[in-house]
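**Q** Sending over a structure as structure tokens; questions will come in a sec.
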Amino acid sequence: MCERAARLCRAGAHRLLREPPPQGRALGGLLRWVGARMGEPRAPLVPDIPSADPGPGPAASRGGTAVILDIFRRADKNDDGKLSLEEFQLFFADGVLNEKELEGLFHTIDSDNTNHVDTKELCDYFVEHMGDYEDVLASLETLNHSVLKAMGYTKKVYEGGSNVDQFVTRFLLKETANQIQSLLSSVESAVEAIEEQTSQIRQDHCKPSHAVNESRYGGPTPPYIPNHKLVAPEPMKSLPVATGEPKEDGLEGQISRLAELIGRLESKTLSFDLQQRLSDEEGTNMHLQLVRQEMAVCPEQLSEFLDSLRQYLRSTAEERNCFHVAAVRMADGLTFVIYEFWETEEEWKRHLQSPVCKAFRHVKVDTLSQPEALSQISVPAAWCTSGRD
């Protein structure tokens, strides 16, 4: 199916490129000049590198390197041409490799021991492991330029072509989109299969710990009504609690305690008075994993970030092992803090592999003005148990 779609896509692109430009009617030579300018490729992915520079290694002559370089440039948040360990972990964290493994990979790529890797060095490393994906990425480079030319041609036809010319161009454009979407669906299916397999492997490794956690809880985690509204509270002000009728007695008190805890975290006055709040006789030796993400957003990317954040909060709140998730928008309007309560650290790491988390991570790479600040801490589960004062 993929080969047939690729052949049809290439045939359609060739037909579209071989189609002679329509004769100008109303604007004559001026229209043809504008159409030709629109048909020129824009912002090529291959960077302008002086020919005298031989490049760092064999990657310079390999196909697909331009796409990889373009991807890695997105991870370079401060545009200094290199990635720090924090930027590296933020961009590549997927819940499969832990922090130590990512750090080890970082130092492997950092062959000159400078505690940073430049995008070219990173590209060279991945090129050596591309395999058959070299042809795929090289084709993407060609497709990128071909699509840009086709869009310019389409604009020219619609400005000066006949109804028949417009009909043919419209048909070719839609069919090209269908064929590309068919290829994309095949790739997405492969991605989903790999993610499902990876998630199952990690779940099998973590089964003993989950059994202990369930027995200590004495039952499943109490349900709650998630709050899907993103608000902008004043500084040092806790989040509003979820609305709606609680499903169990004591649920409203749970959410109130969580909101109070978040408020204390935001004002940086959190203290653990275990003698006052907990006692071993009550079986309070179980903990929840609290994950805190602080993000500074670029002003021009704020709208895109907010849309993705709302989707992330909705999806995360529906996960069974996420006890609570909430977000705070700080007074400057561009700083956001997300708090997530997970049953175990392994559940949170498994969440990092989910499609919604990966999608949100890619949006953060494009919209944040600096790498996010991520921290985690164990919180006594008794604070979130019904019937506790």
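The backbone N, Cα and C atoms fix where each Cβ goes, glycine too.
Got these off Swiss-Prot a minute ago, pasting:
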type: BINDING; residues: Asp76, Asn78, Asp80, Lys82, Glu87; note: Ca(2+) 1 binding site
type: BINDING; residues: Asp110, Asp112, Thr114, His116, Glu121; note: Ca(2+) 2 binding site
type: COILED; residues: 173-198; note: coiled coil
type: DOMAIN; residues: 63-98; note: domain 'EF-hand 1'
type: DOMAIN; residues: 99-132; note: domain 'EF-hand 2'
type: DOMAIN; residues: 289-377; note: domain 'ABM'
type: MOD_RES; residues: Arg10; note: omega-N-methylarginine
type: MOD_RES; residues: Arg42; note: asymmetric dimethylarginine
**Q** Tell me whether Glu121 (Ca(2+) 2 binding site) sits in a helix, a strand or coil according to DSSP.
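**A** Where Glu121 (Ca(2+) 2 binding site) sits, the three-state DSSP reduction gives helix.
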**Q** So, in DSSP terms, is Asp110 (Ca(2+) 2 binding site) helix, strand, or coil?
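**A** It is coil.
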**Q** So what's the average pLDDT for the domain 'EF-hand 1' (63-98)?
**A** 79
**Q** Of these binding-site residues, Asp80, Glu121, which scores lowest on Cβ atoms within 10 Å?
**A** Asp80
**Q** Which of the three DSSP states, helix, strand or coil, fits Asp76 (Ca(2+) 1 binding site)?
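**A** It is coil.
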**Q** Spatially, which candidate from the binding-site residues Asp112, Thr114, His116 is nearest to Lys82 (Ca(2+) 1 binding site), comparing Cα atoms?
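**A** Comparing Cα positions, the candidate nearest Lys82 (Ca(2+) 1 binding site) turns out to be His116.
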**Q** Could you tell me how many residues in the domain 'ABM' (289-377) are helical, how many are strand and how many are coil under DSSP?
**A** 39 helix, 31 strand, 19 coil
**Q** Looking only at the domain 'EF-hand 2' (99-132), what are its DSSP counts of helix, strand and coil residues?
**A** 20 helix, 2 strand, 12 coil
**Q** Please compare the binding-site residues Lys82, His116 by how many other CB atoms fall within 10 Å of each one's CB, and tell me which has the fewest.
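**A** Among the binding-site residues Lys82, His116, the sparsest Cβ neighbourhood within 10 Å belongs to His116.
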